[in-house]
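Participant: Have a look at this one.
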Amino acid sequence: MRRPFIAGNWKMNKTPSEARELVGELKDMVSDVDDVDMAVCPTFVAVPAVVDELEDSDIMVGAQNMYWKDSGSFTGEVSPQMLTDLDLEHVIIGHSERREYFHETDREVNMKVRKALEKGLKPIVCVGESLEEREEGRTEEKVAFQVWSALSGVADEDIPEVTIAYEPLWAIGTGESASPEEAASTIDSIRDIVEDISPGAEEKIRIQYGGSVKPHNIEDFISRTTIDGALVGGASLTAESFAGVIKKCQNRGPNR
Ligand SMILES: O=C(CO)COP(=O)(O)O
């Protein structure tokens, strides 16, 4: 049984006080939601305020990144224990913006995934093709490679703890989402890869779609049984639109 999972990636937005205000509004709006897993991923500095504000809420808190070492001389980095100490459950790993602007490699993504799992954090691993790769018909090849690399060396029993977010790069922040058919077909291909890696895990692992998800189009995605939810950027930055996305995922039945 895979429960729908909607996570908000705030990226480099919201000061700690703005973040507190946002989740203060959000928790009231979704207080009746009991069949969707919900998470927000603020910037590191806003995490304590958000954790505090959400103490009495079902909304989980995640980070947008972490380093793959326990501690030490790594100026500017944040360790997994720093996240678990704040009771965080999730951590986004390998977002395309980190891969593009901060040159994060598949190898680093894999190190981070393994370290997160070792420390009891649930990684949300982002994969996706560029426009050029899509136009060259290399979408499935690209995401297959990223999934193989990310899950390399992960124990079979840990694979269902991972969420994969399929985020085509050309759909991020552009207002142009993938079609539900395209998204479902690529996500099916990811499930096939997961099955190759660990037979049976493809039924348990949650795979989200991300890229210009809004309240008006989330139903097109969540209605596909292979799509388990969404990683939401822009629409997670106001309580109203994020609650709008979450509420459209309620009452989805036992098919997942
Ligand atoms: O990158 C994303 C989430 O991680 C998607 O961002 P948008 O929803 O703004 O397109």
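Easy rule for this one: first residue shown is 1, then count along the chain.
Cβ atoms here come from the backbone N, Cα and C positions, even for glycine.
Annotations for this protein, taken from TrEMBL, read as follows:
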ACT_SITE  His95  active site, electrophile
ACT_SITE  Glu167  active site, proton acceptor
BINDING   Asn9, Trp10, Lys11, Gly173, Ser212, Gly233, Gly234  substrate binding site
Participant: Using other CB atoms within 10 angstroms as the count, which residue among the binding-site residues Asn9, Ser212 scores least?
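Facilitator: Sparsest of the binding-site residues Asn9, Ser212 by Cβ contacts within 10 Å: Ser212.
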Participant: What is the separation, in Å, between the Cα atoms of the residue listed as 'active site, proton acceptor' and Gly173 (substrate binding site)?
Facilitator: 11
Participant: Secondary structure at Lys11 (substrate binding site) (DSSP, helix/strand/coil)?
Facilitator: coil
Participant: At a 10 Å cut-off from the C-beta of Trp10 (substrate binding site), count the other C-beta atoms across all protein chains.
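Facilitator: That number is 22.
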Participant: Could you check what DSSP calls Gly234 (substrate binding site) once collapsed to helix, strand or coil?
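Facilitator: Once the DSSP labels are grouped into three classes, Gly234 (substrate binding site) ends up as helix.
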Participant: Between the recorded positions Lys11, His95, whose Cβ has more other Cβ atoms within 10 Å than any of the rest?
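Facilitator: Most Cβ neighbours within 10 Å: His95.
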Participant: Taking only the Cα atoms, work out how far Gly234 (substrate binding site) lies from the residue listed as 'active site, electrophile', in Å, as a whole number.
Facilitator: 15
Participant: By a simple count, how many Cβ atoms lie within 10 Å of the Cβ of Gly233 (substrate binding site), its own Cβ left out?
Facilitator: 21
Participant: Which chain neighbours of the substrate site, leaving out Asn9, Trp10, Lys11, Gly173, Ser212, Gly233, Gly234, have a Cβ atom within 8 Å of the mean position of the site's Cβ atoms?
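Facilitator: For the substrate site, the extra neighbours are Ile172, Val232, Ala235, Ser236, Leu237.
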Participant: Across all protein chains in the structure, which of the binding-site residues Gly173, Gly234 has the highest Cβ count within 10 Å?
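Facilitator: Neighbour-count leader: Gly234.
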Participant: For the residue listed as 'active site, proton acceptor', just count the other CB atoms lying within 10 A of its CB, please.
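Facilitator: Around the residue listed as 'active site, proton acceptor', other Cβ atoms within 10 Å: 28.
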Participant: Reduce the DSSP letter at Glu167 (active site, proton acceptor) to three states and note it down.
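Facilitator: Coil, per DSSP.
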Participant: When you look at Asn9, Trp10, Lys11, Gly173, Ser212, Gly233, Gly234, which the record names as binding substrate, what is the longest CA to CA distance in angstrom?
Facilitator: 14
